[in-house]
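Enquirer: Okay, handing you the structure first.
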2 protein chains.
Amino acid sequence: MAKQKKAPRPKAETPKGFRDYFGHEVTTRAEMLRTIAGVYHRYGFDALESSAVETVEALGKFLPDVDRPNEGVFAWQEDEGDWLALRYDLTAPLARVYAQHRNDLPTPYRRYAMGPVWRNEKPGPGRYRQFYQCDADTVGSGSVAADAEICAMLADTLQEVGIPRGDYVVRVNNRKVLNGVLEAIGLSDDLLLNTRPMTVNQAAEALYSEMVRRNIESISKLDVLRQIDKFDKVGEDGVMQLLTEGREDASGAFIEGVGLTESSAARVIKFLTAKAETPAETLTNLRSAIGESVIGAEGVDELEQIADLLAAQGYGPDRIVIDPSVVRGLGYYTGPVFEAELTFEIFDEKGRKRQFGSVAGGGRYDDLVKRFTGQAVPATGVSIGVDRLLAALREKGRIEAREVGPVVVTVMDRDRMADYQAMVGELRQAGIRAEVYLGNPKNFGNQLKYADRRHSPVAVIEGGDEKANGVVQIKDLILGAQIAETATLEEWKDRPSQFEVPRDQLVAKVREILDAHGL
Amino acid sequence: MAKQKKAPRPKAETPKGFRDYFGHEVTTRAEMLRTIAGVYHRYGFDALESSAVETVEALGKFLPDVDRPNEGVFAWQEDEGDWLALRYDLTAPLARVYAQHRNDLPTPYRRYAMGPVWRNEKPGPGRYRQFYQCDADTVGSGSVAADAEICAMLADTLQEVGIPRGDYVVRVNNRKVLNGVLEAIGLSDDLLLNTRPMTVNQAAEALYSEMVRRNIESISKLDVLRQIDKFDKVGEDGVMQLLTEGREDASGAFIEGVGLTESSAARVIKFLTAKAETPAETLTNLRSAIGESVIGAEGVDELEQIADLLAAQGYGPDRIVIDPSVVRGLGYYTGPVFEAELTFEIFDEKGRKRQFGSVAGGGRYDDLVKRFTGQAVPATGVSIGVDRLLAALREKGRIEAREVGPVVVTVMDRDRMADYQAMVGELRQAGIRAEVYLGNPKNFGNQLKYADRRHSPVAVIEGGDEKANGVVQIKDLILGAQIAETATLEEWKDRPSQFEVPRDQLVAKVREILDAHGL
């Protein structure tokens, strides 16, 4: 056997684009997921936790003629030959689960799922290759009541996690209305895709490939979709230019226009800007935008029914509103589309005020299960961006920026560890988070530094004298820090943040200090 | 471009060895993890959620001269060349996290982690390639107080999830004592492994390779470890035979013995069977087994300190006991070893009574971080088998076998969907899980079948007549099912499980029915 070289030390690093979450980050997310699950459950949705690993085949990635089907997903080949991959969203697994278990599941099947998904994409600042999704979907109901229910549930969820009425709005649009508008200006029917792309841009790319494959010449409808997708960025005038003769962008580059006539483009703009003071006016505007299109009329009728259902339940346009300017996802969804936005302002990284923006989106996609079974099954659902929602609550100061640490019982005499353990035992019995210092107790300063690093509110000290006298010293570390900032030396020496109490009043005194700090 | 064949439909199947979890399975596990996290938190442990994906290098798998380092792990190569893998436990990532973030973390660092891990192993019945682990570890403390704390926390955790005192026992052993015994019978020092293998057998395999690599001739200590690992299965006499001249197994095959002398083997057996009526006697037996060994004496002293610390906190031997017959993990750990067992009896698949057995295990492993930093960092921890614990609680009837479904409001008139949505709105406001039937309402029987499949306790009916009269029909489905089993035709016709109430008493009546069933 050849002699091996001693391997160099491994690097202690997360892979590129991955990160770890610590303490409070983990528990606040868990608490939020639990709250959301509570709302979903109350609406009759059942939990589903599907396997994180799927066959590439079931995920619906197209297996190209290359060695590894790993574009966009993390994939590997089993010894026996199957390609497996980490799920990239929670919808593709839902399709597989529903197709696999449909005989045992109720119809309609309302399910929620929450957990990590993985994307094999180039990581960027704040963009990770593993992140949480939190979805609710109703499979097997074509009724717009299912869409309305999802919107109402989304509004309830936002309120329950701490976004009050007035700080959010759920906007509803309908792909069928857009289809009607496109029909009205003479553009042919869309090509349907069997996979679920992530963004409209990706949908457009896929659509484009499909068109090339099928040797279809006209791509103007696709182009229209592409330009509409820029509405959020370039606004009404910008999209108007892009749909007609083209436009110079901020960098001075000229972007070729789609070449629609002014009147055709105006119809698209009419659709995008149809939102009026009241739902009724918005619907009237939409009806005029779609002209004689049958599919368009169906879409407007659906929006009307959704608005009526929601109004009857008390969800007025201050919370859920018909808004045709919602374009995100129109390329993918087949019917109603929803997006939840937080409307309060925050300061961006450059100190400018801006609206916080989107935290959830969804819609109706009716071809979910077909690729497995051949049978079309209607479905509608929503996905909440949990990490964005947490960021929003932090911005608004509705989540404590950091957690209060445990009460630390210091070790003055390492032979009396049992005494100190008894103290934390009593504190925990009273529901107080507490621990004994378990590092080397030799240097007492290190113990207080440790308590500081843990953001501990209280430290407990029992040296030999205290033990003999039946007392303990209790340091209020929060008050201590406040005094340290402002006190004179004399005041400091008095140590007004340290209390000596009889041993049997340990728990009561600690409780009193925690209460005084509202902990 | 070549014409592509139409792809066959994908199979709707989980990959081999993976499974999905539905409804109640998901929520009961989430509830249990939350309870456990609550105890860990109270003990001062901080949550950590590390990335599910690690570099193969950081996980510590030896990269062989083959194409893929996928033995035991799911691994794949990045385009740029790094090998990544799904974590196979929560300890290897802890080592990486601690090494990476040690300057920002407190020392000692108490952390807990819960989540799925993945093993690329041959799946078997009830053996999955993705499963949950739930760990708590203290990194950076060499004190046995840290070990004692883990044991106390484990006992508290078991009680808090619903295993009462008397139904569990935490057994504690110490690898140093075994080392002392082996020293006493003249076996040389162990080779230390830098990875964390899963079982003693795997540790033994790795040790064996290492010995071959280093060209070490004597493997008798390894053999002793291997035979000790069989103590649970073959008992005292069996191990005695295996340590000396060998033994015929149940199949009639002869297993070669290690070749120890009778007196040496007797010393090992003395260690394994040292447990006595009281901790003091057990410790005396152990002192006699280790003879003059220094490391052995250190081990017995540690056990004594642990027993004293725990006794001082009220954890007597009815809950946490020194038990040298705990051999699981002795090959891997370096100091104290713990194992929690449930002591009540269940019926196995063949209808025989047996003890439920182990639900958690852990111990001290002091070389965790060294491979990254070169610096030895002491650590001790425990891992709870959440799925086994859930199974135990189900066995004992402490978790409902299935969940009660939502109240189902049926749809008699599809144009009055808003009325039905208003009803579920009121029920949810009152905290009652409720939903409108969203399938095709044409066939009323299907709606009741749906309610049945959802295990709904109550169905609500409001047809045209009811609407006109300002009433609703409320069906108690649980009572209905009971009556259906026992009633005569006459009783059945009376429909004693269906109630007509004024519309404004809907919520009160549903609440009354749920209360009557203890829901």
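Glycine is treated like the rest: Cβ placed from N, Cα and C.
In case it helps, TrEMBL gives these features for our protein:
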BINDING   A:ASP89, A:LEU90, A:THR91, A:ARG119, A:GLN133, A:ASP137, A:ARG328, A:TYR332, A:TYR333  L-histidine binding site
DOMAIN    A:1-406  domain 'Aminoacyl-transfer RNA synthetases class-II family profile'
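Describe the structural context of each listed feature in the structure shown, including burial, neighbouring residues and relevant distances.
Expert: The secondary structure of A:ASP89 (L-histidine binding site), as reduced to three states from DSSP, is coil rather than helix or strand.
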Enquirer: Check the domain 'Aminoacyl-transfer RNA synthetases class-II family profile' (A:1-406) for me and report the mean pLDDT.
Expert: 85
Enquirer: CB neighbours of A:ASP89 (L-histidine binding site) within 10 A?
Expert: 17
Enquirer: Reduced to three states, what secondary structure does DSSP give A:ARG328 (L-histidine binding site)?
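Expert: It is coil.
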Enquirer: What are the sequence-distant neighbours of A:TYR333 (L-histidine binding site), meaning same chain, six or more residues apart, C-beta distance under 8 angstroms?
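Expert: Once residues fewer than 6 apart are set aside, A:TYR333 (L-histidine binding site) is near A:ARG175, A:GLY363, A:ARG364, A:TYR365.
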